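Trainee: Dumping the structure here so I can ask a few things about it.
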Amino acid sequence: MDSLGELPALRNHSKPLGIRFLEYIKKGKLSYRTHQAIVLIVTFLAYTSYHASRKTTSIVKSALDPQSPDIGLKFPWRITYLSSPAENKRVSWVLGDGWAPFNRSDGSALLGELDVAFLAIYAFGMYFSGHLGDRMNLRIFLTVGMVGTGLFTSLFGVGYWSNIHSFYYYLTVQMIAGLFQSTGWPSVVAVAGNWFGKKKRGLIMGIWNAHTSVGNITGSLIAAALLSYGWGWSFVVPGLLIAFIGLSVFLFLPVSPELVGADREEEKVDSHRKNREEATEPLLGSDNEIKEKAVGFIEAWQIPGVAPFALCLFFAKLVAYTFLYWLPYYICHTAIEGKYLSSETAGNLSTFFDVGGVLGGILAGHVSDQLDARAITAATFMCCAIPALYFYRTYGHISLAMNIALMFICGMFVNGPYALITTAVSADLGTHSSLKGNSKALATVTAIIDGTGSVGAAIGPLVTGYISTKSWSAVFNMLMGAALVAGLLLTRLVVAEVAARVSEPRHQGQGGSQSTSRDAELDV
């Protein structure tokens, strides 16, 4: 009895200070739905700030290395278009000659090396972050990661005022920033997975995953707006922003229902209709929580479906992150209607890719819920991305409106499967039936899938940094090839899902749940 009496006190002690304050104001416990709303809002803002701080590098590239490999133009900050070399010479003093060492002939390659250093450490750290996240308080873990990310993002910008021109300074700062950034995704997905079951998970997480695109848009707009005051501000302000939101995470984020003593009343009412589905969900009682052990790294890899989706994400993120890091630079160095855009204008224009990504993530999640077919949805989107990329490269220069429309479509098809795999699919696999109800696999599975994807995310920008100096057409050929491979890697799962759809009429009335059906498909 003593241990049972101590449990409420332990739960109250585990509640974040912000939750306790809200309960003090309300003079009562917060409802389960209120906790869910807080989780969605806090994790949304958290990962929005992660991507906002990550996006700044792509915007500042053209300021650090303004030399065009195609025509030798310098791109100033304070005008929208440059139409001739003569005009450029009259205003080039506004920007100067870039920032050493990135203003050399190998500047694009150096910037590519910064990208790959950041993403390689990010991918490497992801595996360990998931492992640690399943064994630590995710609220503390996420807070440390966000504050550390803010610190080292700001230190990159400090190089502007400190007049630092050492490539190794920026390389070191980017690598440490990548390590702290790796704490984000496994943590937010694990927390969201703790609070939301499989019903409509694709749609809910598709909407929630808009934080990726919203963060990219926010980071682009902030960095582009601050360029005219000095590129250092484009790093310092997003760095301060993520550190501030990190403190909000510490104050308000409830990690799981068990830790804050939240009761799921609606599940008790409907439990007799959901027993089989709930067996695979992470929302478990406190007694089960005590007995659970975190799933090992090798064991998580062996969960059916993890390997094919992880490898698919490798190529999907290769495409997505090449756009994330190089799209503003590509727009700057591509004549649209015969004119070249400034760095600030190109940064603002690139946000349409992320706007398309918001719609793509929501659409992919909704479609996969309706079809109960994650693999079919992801593979279809990746295949549609191939003609979208081709048309953007071939016809994007015709007019500004055409560029925006095709960029939007590319964002929709590229980010749709990327969002689906990193959210709903990861949560599905982290609560797979083979785990027998163990919720201690969410962060590990998420880290494996997104960590493998991040290796591709590192390779894409690196290769782009080298081959873009010779041919942007070659870059787009690489991206189309990666999209094709991503789709093909899901072939076996697609066949299984199609077979399940075909055989479905024969099994109607037998009481099988959707979650059981999906787990069976992933077993292939």
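Each residue, glycine too, has its Cβ placed from N, Cα and C.
Features from TrEMBL:
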| type | residues | note |
| --- | --- | --- |
| TRANSMEM | 30-50 | transmembrane segment |
| DOMAIN | 41-499 | domain 'Major facilitator superfamily (MFS) profile' |
| TRANSMEM | 109-128 | transmembrane segment |
| TRANSMEM | 140-161 | transmembrane segment |
| TRANSMEM | 167-196 | transmembrane segment |
| TRANSMEM | 208-229 | transmembrane segment |
| TRANSMEM | 235-255 | transmembrane segment |
| TRANSMEM | 306-327 | transmembrane segment |
| TRANSMEM | 347-368 | transmembrane segment |
| TRANSMEM | 375-392 | transmembrane segment |
| TRANSMEM | 398-420 | transmembrane segment |
| TRANSMEM | 441-463 | transmembrane segment |
| TRANSMEM | 475-495 | transmembrane segment |
| REGION | 505-524 | region 'Disordered' |
Trainee: I'm a bit unsure how to read this: which one of 109-128, 167-196, 347-368 has the highest number of Cβ pairs shorter than 8 Å with the transmembrane segment (375-392)?
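Mentor: Answer, by Cβ pair count: 347-368.
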Trainee: Counting only pairs 6 or more apart in sequence, are there at least 3 Cβ pairs under 8 Å between the transmembrane segment (109-128) and the transmembrane segment (347-368)?
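Mentor: With fewer than 3 qualifying Cβ pairs, these stretches do not touch.
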Trainee: If I count Cβ-Cβ pairs under 8 A between the transmembrane segment (475-495) and each of 140-161, 167-196, 208-229, 306-327, 398-420, which range comes out on top?
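Mentor: Highest pair count goes to 306-327.
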Trainee: Using Cβ atoms only, state whether the transmembrane segment (441-463) and the transmembrane segment (306-327) have three or more pairs under 8 Å that are 6 or more apart in sequence.
Mentor: yes
Trainee: Is it the case that the transmembrane segment (208-229) and the transmembrane segment (140-161) have 3 or more CB pairs under 8 Å, with pairs at least 6 apart in sequence?
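Mentor: Stretch pair does not touch.
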Trainee: So which of 30-50, 140-161, 235-255, 306-327 has the most C-beta pairs under 8 Å when paired with the transmembrane segment (398-420)?
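Mentor: Between the candidates 30-50, 140-161, 235-255, 306-327, the best contact partner of the transmembrane segment (398-420) is 306-327.
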Trainee: State the non-local partners of the transmembrane segment (306-327) in its own chain: residues 6+ outside its ends, Cβ under 8 Å from one of its Cβ atoms.
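Mentor: Sequence-remote neighbours of the transmembrane segment (306-327) are 54-55, 57-58, 61, 115, 119, 216, 300, 350, 353, 375, 378, 382, 385, 389, 407, 410-411, 414-415, 417-418, 421-422, 425-426, 429, 445, 448-450, 452-461, 464-465, 468, 475, 479, 482-483, 485-487, 489-490, 492-493.
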Trainee: Mean pLDDT over the domain 'Major facilitator superfamily (MFS) profile' (41-499): what is the value?
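Mentor: Within the domain 'Major facilitator superfamily (MFS) profile' (41-499), the model's average pLDDT equals 79.
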